[in-house]
Amino acid sequence: MSIVRSDKPFVLAGRTYQSRLLVGTGKYRDMEETRLAIEASGAEIVTFAVRRTNLGQIEGEPNLLEVLSPDRYTFLPNTAGCYDAIEAVRTCRLARELLDGHNLVKLEVLADQKTLFPNVIETLKAAETLVKEGFDVMVYTSDDPIIARQLAEIGCIAVMPLAGLIGSGLGICNPYNLQIILEEAKIPVLVDAGVGTASDATIAMELGCDAVLMNSAIAHAQQPIMMAEAMNHAIVAGRLAYLAGRMPKKLYASASSPLDGLIK
């Protein structure tokens, strides 16, 4: 049975975005390369680690707010580097203070430094506290559909399952779990972590993900600005392919041209 998919706007915390690509600000050579790559990506949402980024609180060091304008981009402060719920909640409160009441945050609570897997127990605790405090929580999580469901029930505005380990570039390691999450989801689902090149981003979008967040895939490319542009196109292509619906796979060949009326 064929499924006709209609395009739905990408909405987060009541705001509609045209780009379905979210990008990070870390790992670039300098602030100028950061600025140029983000411009080339077409992204409207930019994430940064609160604990590692100068937003004006450190005098004499490069200030992200002087490179990327809050009038042009939506900032998504994240809790990278946090290993328990208390630390993550404290970091989100700091972000709110530094950004004058900004409520949109990306929650990530890590389990260990080797894998950077999410600690889902601490993530659930932190999410519950942050939602109660009025934060709009986008949450980095495992590809476990049950955990994704619980985070949505708590009140998170988006779930962000990893496709592969952070910074690994391994691509979409478990598309089947992502499919289950997508089938059940009542909030946006964004792939977070694992993307290594444009085809990975396209696959994520073809699965039906609402968006993709990446940093290393662009920043660690040999030519980051060119890769940022490639990712922009990949996201659009993947979304269109998802909406169009791919042809069914067949074991045997099927001729493209009709066989009747052949010239003899």
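Numbers here mean position along the shown chain, with the first residue as 1.
Note: Cβ is positioned from N, Cα and C throughout, glycine not excepted.
The record from Swiss-Prot ties ALA193, GLY194, ASN215, SER216 to 1-deoxy-D-xylulose 5-phosphate, and of the options GLY155, GLY167, GLY245 it ties GLY167 to that site too.
Taking the mean position of the Cβ atoms of GLY167, ALA193, GLY194, ASN215, SER216 as the 1-deoxy-D-xylulose 5-phosphate site, the remaining residues of that chain whose Cβ falls within 8 Å of it are GLY164, LEU165, ILE166, SER168, GLY169, VAL195, MET214, ALA217. Of all Cβ atoms in the shown protein chains, 26 besides its own fall within 10 Å of the Cβ of GLY194 (1-deoxy-D-xylulose 5-phosphate binding site). Between the CA atoms of GLY167 (1-deoxy-D-xylulose 5-phosphate binding site) and LYS106 (active site, schiff-base intermediate with DXP) there is a gap of 17 Å, rounded to the nearest whole number. Checking each of the binding-site residues GLY194, ASN215, SER216 against LYS106 (active site, schiff-base intermediate with DXP) by C-alpha distance, the shortest gap belongs to ASN215.
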